[in-house]
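These notes concern the structure reproduced below.
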Amino acid sequence: MKSSENRNGTGNQTTRKRTVREAYRWASSLLLRGGIEDADRHAEWLVQEVLGWDRTQFLLRWDEPFPLEKEAELEQMAERRLKGEPLQYIIGEQEFYGLPFRVNPAVLIPRPETELLVEEVIKRGKAWGAGGTAAAPAEAPLRVIDVGTGSGAIAVTLAVKCPAWQITATDISAAALETARGNAARHGVMDRITWVQGDLLSPWLAADGSSGSSGSNGSNALDGSSASEELQGSKESDGLSGSNGPNRSNRSNGSNGSMAPFDYDILVSNPPYIPDDEIETLQVEVRQYEPRSALSGGPDGLHIYARLVEQLQQLERKPRLVALEVGQGQHEAVGKMLAKLNEWDEITYVPDLAGIQRHVIAMRRD
């Protein structure tokens with residue numbers, strides 16, 4: 001993208017700056033020729049990101065000159081999009097449940113269907129009362145765990161929308177937890193979310209003294225001083241430590257910093273569920289750029305669910321509500337896994353906006 005040149009009355013060349021509108025049209029045309037869907041909107045987002053504007057500024061000021069020093073940056077962003085990199089990674093943000101979330105290649109980009117999972121959890125949790133099943137809110141707020149939090153979209157949204165609830169967020173990836181903590185700080189809920197790095201429920205299995213393959217299957221469970229440091233968001237440079245550090249409500253008071261027993265009312269999770277042989281058939285934006293560990297559900301897509309249910313079986317106390325997102329056609333298989341534990345009175349399926357049974361909800365009526 002180059003600003004146009006013309007000659008003034010003296011015969012000298014002058015450079016006429018492109019307007020914001022012209023820069024936008026250039027980017028839109030480039031993306032359209034490259035086969036990018038919704039090229040106009042993507043071009044608009046790229047221009048807004050480069051200029052640091054919101055949409056209102058873009059619409060009101062698009063006849064202003066586009067800064068020459070920003071042209072190369074816009075070109076680079078457009079080229080990244082042409083190669084298939086998701087727009088959300090390029091601009092570093094995705095909206096979820098009306099809230100902006102920072103995203104990067106360490107985390108899966110939040111999807112609209114997961115908003116319905118959050119909505120279901122909020123609806124059912126609030127039906128019990130903000131304070132839980134049998135106590136005043138101040139005495140016993142609902143305890144919720146988000147397993148595999150990624151960007152923190154589920155955990156942070158629940159903390160924002162349900163301020164009386166106590167939230168724990170887990171992930172096996174330290175990079176994902178760092179991203180999630182940043183999003184929690186952005187929305188002012190760092191002090192109400194506990195962070196645990198570990199493989200599914202393995203940290204609590206170790207605390208309960210449980211044994212079995214799940215407890216040792218790739219677990220990154222934190223223990224001792226390193227666990228304490230992780231939960232505090234140990235790097236001062238990230239601006240997330242100090243008085244706004246996460247609460248310690250799910251930690252024991254022991255000097256060794258061990259995990260307290262698993263004691264949650266609600267477990268919510270959007271685990272990896274794509275069958276391995278289907279990953280290469282996905283859009284390039286997904287298969288080449290989003291983290292494979294957040295996509296791969298094993299040969300049949302059900303591997304993570306099977307491990308999670310196995311770990312739930314080993315825990316002394318099961319959640320009253322389990323809410324899981326699943327892939328297309330997986331709802332009955334996951335429902336049957338949960339039903340075998342004989343822990344929940346009802347197992348229901350919730351469709352997404354396309355009519356696909358996307359969420360499995362297991363609930364105990366007590």
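Numbers run from 1 along the shown chain.
Each Cβ is built from the backbone N, Cα and C atoms, and glycine gets one as well.
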**Request:** From ASP171, ASP277, ASP300, grab the residue that TrEMBL records in the same S-adenosyl-L-methionine site as GLY148, THR149, GLY150, SER151, GLY152, ASN270.
**Result:** ASP171
**Prompt:** Given the binding-site residues GLY148, GLY152, PRO272, and counting only Cβ atoms in the protein chains shown, which has the most within 10 Å of its Cβ?
**Reply:** GLY152
**Complete:** DSSP composition of the domain 'Release factor glutamine methyltransferase N-terminal' (22-92), residue counts helix/strand/coil, works out to 52 helix, 1 strand, 18 coil
**Fill in**
Rounded to a whole number of Å, the separation of the Cα atoms of SER151 (S-adenosyl-L-methionine binding site) and PRO271 (substrate binding site) comes to 13
**Same-chain residues at least 6 apart in sequence whose Cβ lies under 8 Å from TYR273 (substrate binding site)** = GLY297, GLY301, LEU302, ILE304, TYR305, GLU325, VAL326, GLY327, GLN330
**Message:** Could you give me three numbers for the domain 'Methyltransferase' (144-202), the DSSP helix, strand and coil residue counts?
**Reply:** 26 helix, 15 strand, 18 coil
**Request:** Compare all C-alpha positions of GLY148, THR149, GLY150, SER151, GLY152, ASP171, ASN270, the record's S-adenosyl-L-methionine binders, and send over the largest distance in angstrom.
**Result:** 12
